[in-house]
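Per TrEMBL, the features are:
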type	residues	note
DOMAIN	3-180	domain 'Josephin'
ACT_SITE	C16	active site
ACT_SITE	H117	active site
ACT_SITE	D132	active site
Amino acid sequence: MSEGEVFHEKQRLELCAIHALNNVLQERVFTKETADDICKRLAPQCVVNPHRSVLGTGNYDVNVIMAALQTRELAAVWWDKRREVENLCMSKVQGFILNVPSRVSLGIVSLPLRRRHWLAVRQVSGQYYNLDSKLKSPVCIGGEAELCTFLTEQLSQDVAEMLLVVRREVEEDGSWLNADSKK
């Protein structure tokens, strides 16, 4: 499969969480409307919903991502970045959703501000791809060794976090972690 055949949603408004979900699933499953419905379900009594931007432009939090994955029989496992990414059982991980600092820009002008941004990484046809919605097209990372380098670099940023996207049974049995790493 070429980069042109890899599903890749591009950034719109503050919908990076939705783009990351769809990119990691490799199909358009979630929309702003489905994410807003999840927000209402998570906080039904709130006038101002704590799981999204007050302006209604997106900026969804991790709870929305986790609830969305659950509707697909998937789970998000928070990765303790004190561990080595080489400890992951990559064959059990369907993809990665990272939350990283990102520059804010207005058109072509980059502002001296940084905000949090969701991005997806996924294996497609034996190669891992950076599916960041701010990229013009998917960027091939390479194989497992290159993926470990990429993830380690991303997680070296102070505020970066990573979720593993796995099937529910993989979350329950902990098989996303190599057996010798569980000690």
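For all residues, glycine too, the Cβ spot is worked out from N, Cα and C.
For H117 (active site), applying a Cβ distance below 8 Å and a minimum sequence separation of six or more within one chain yields C16, N99, V100, P101, S102, D132, K134. Other C-beta atoms found within 10 angstroms of the C-beta of D132 (active site) number 23, with every protein chain shown included. If you draw a 10 Å sphere around the CB of C16 (active site), it holds 27 other CB atoms from the protein chains shown.
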